[in-house]
Amino acid sequence: MESLRLVGTFLRIGVQTELQYRSNVVFSVLQSLVAVGTSLAVLALVFSHTDSLGGWSGDELLVVMGVYVLMGGVLRSVVQPAMNQLMDDVQHGTLDFVLTKPADSMLLVSIRRIELWQSVDVLVGAGIVGFALSRLDTRPGLLAVLGFVVALALGVVVLWAFWLLLTTAAFWVVRTDSLVELLSGMYQAGRWPVTIYPGWLRIGFTFLVPLAFAITVPAQALTGRLSVWLLLGAAAFTVGLVALTRWVWSVGLRAYSGASA
Amino acid sequence: MEPAIRVRDLRKTFRVAERDAGLGASVRSLVRRRYREVAAVAGVSFDVAPGEVVGFLGPNGAGKTTTLKMLSGLLHPTGGEVSVLGHVPARREKAYLGRITLVMGNRNQLQWDIPALDSFELNRAVYRIPEPEFRRARDELVELLEIGDLVRKPVRTLSLGERMKAEVAAALLHRPQVLFLDEPTIGLDIGAQKRLRGFVAEYTRRHGASVLLTSHYMADVQALCQRVVVIDKGQVLFDGGLRQLTARFSPHQTITVQLAEPGTDLSAFGAVVEAGEGRVSIQVPKAETSAVAGRLLAAHAVTDLTIEDPPIEDVIEQAFSAGRTA
């Protein structure tokens, strides 16, 4: 409860800060339009040759793309800014201020900076999902939508935990920018459902770079591909990943404070 | 009375990788690293009583910041004991962190793009300060620091002095009982230094907080600290009042006289350190000061005479060089 209040306060101040830079919204919208336009063109090109890709129809893949854009918005507006701030703090020694605060340090580093205007993509992605759903033959029922919401929430947690896990490397390697760059590149693979990738890549995108749980699973919920077991599996994976991140974080802190030396 | 801060035989050893200069050495160090143990803090002990303001002095690399970091729970000691307000800092319990504060003059914690008032809000949430108490503390700090107009402006538009005052206010909203101030006046102009000093004195008087202060500006120390702990190379050289520090490390005093007839040679009385316009300063052993002053007054027409201890900077310098040769 206290944690929620803390998150709420940081979110409110973060939004206030961003409202000072209203002109950024123009840039974000343009950026979003270009990215979405390119993706749509590729999708149209692929489906001018074929009716389905790995069992997914064009409109179903549009759902995947919508979730991909939406999650990308979450990543760039909430997750990445906080992680960049964390890397900065490790480099400049200002993490000391976070660690001398009577609050959960892992939570605190995750909520200190947002980039509101990047969340334009969340709306654009939701729009694409809505549009794609209107073209599907079988509309998802209430249960499927519920499954989608749960899978989406789990996906956000997975992305956050995974990015934090990698950023924690900053405790040992001071410059992790290139690592994060690499991952942002890999995130692009998420525009396609992981099921269309060959075996080894699919496993990699599921467990190493968990795009499957962040993007494919929510999309599966809306396209009648989600079983209760898959959702439970996603939940179990999320819990496991958060636990792992927490553990690595505490090990990182010990290294930072010299407790292990 | 139980001390607010109790440090016993505190030690911190860092393991640092080292290599020789040059490409060959760089490549070799990739394969096999050599490590060297560096003792940053090597057996430091002192106490700070509740409400006491103690100056923590030492040259760069003496182990001041390392000690402060161990006291604020950022670093785990390699050995020894630390207890602050009855807590072991390294455990970083919320109950402990909520009662201390850390101010570092060369690093800022206020968010750059928002007014300090908003950062205060964030600290209210982090420290879970109840609204009425938060308002009382905030208004008091804003008034004492005279930052009423500044806290509404984005922090990036403030001058260094203004920003530091806002930093200090943010760090004290939760009314901490122990303050770790690491070079809080660094880079500030004389006026801003003075105002911040005055504030710290007033704050500790009102709230009875204990302060451990490091500073390179002796004026800070002289204005605020009843006691100083001087460390060098990770060890305590001196722990006591400023006056005792002077007595111990500087056996000389300076007698300055204004002579009625300029040009008189006073080198018979002691080492002349300054002379001009009939004003002469001589350095004499402390034990002989009054005798020499008496003889001076008897032998020459003196219109004015003052006896001074050497500047505290010189005394500290003396202490460090004494510590090195010992």
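Cβ coordinates come from backbone N, Cα and C, glycine included.
Not measured: the values here are computed from a predicted model.
So that you can see what the record holds, here are the features copied from TrEMBL:
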| type | residues | note |
| --- | --- | --- |
| TRANSMEM | A:25-48 | transmembrane segment |
| TRANSMEM | A:60-79 | transmembrane segment |
| TRANSMEM | A:141-174 | transmembrane segment |
| TRANSMEM | A:194-216 | transmembrane segment |
| TRANSMEM | A:228-249 | transmembrane segment |
Dominant neighbour of the transmembrane segment (A:60-79) in A:25-48, A:194-216, A:228-249, by Cβ pairs under 8 Å: A:25-48
For the transmembrane segment (A:228-249): best-contacting stretch of A:25-48, A:141-174, A:194-216, by Cβ pairs under 8 Å: A:141-174
Beyond the flanks of the transmembrane segment (A:141-174) by 6 or more, those residues with Cβ under 8 Å of it: 67, 70-71, 74-75, 78-80, 83, 86-87, 90-91, 106, 109-110, 180, 183, 209-210, 213-215, 217-218, 220-222, 224, 226, 231, 234-235, 237-238, 241-242, 244-245, 248-249, 252-253, 255-256
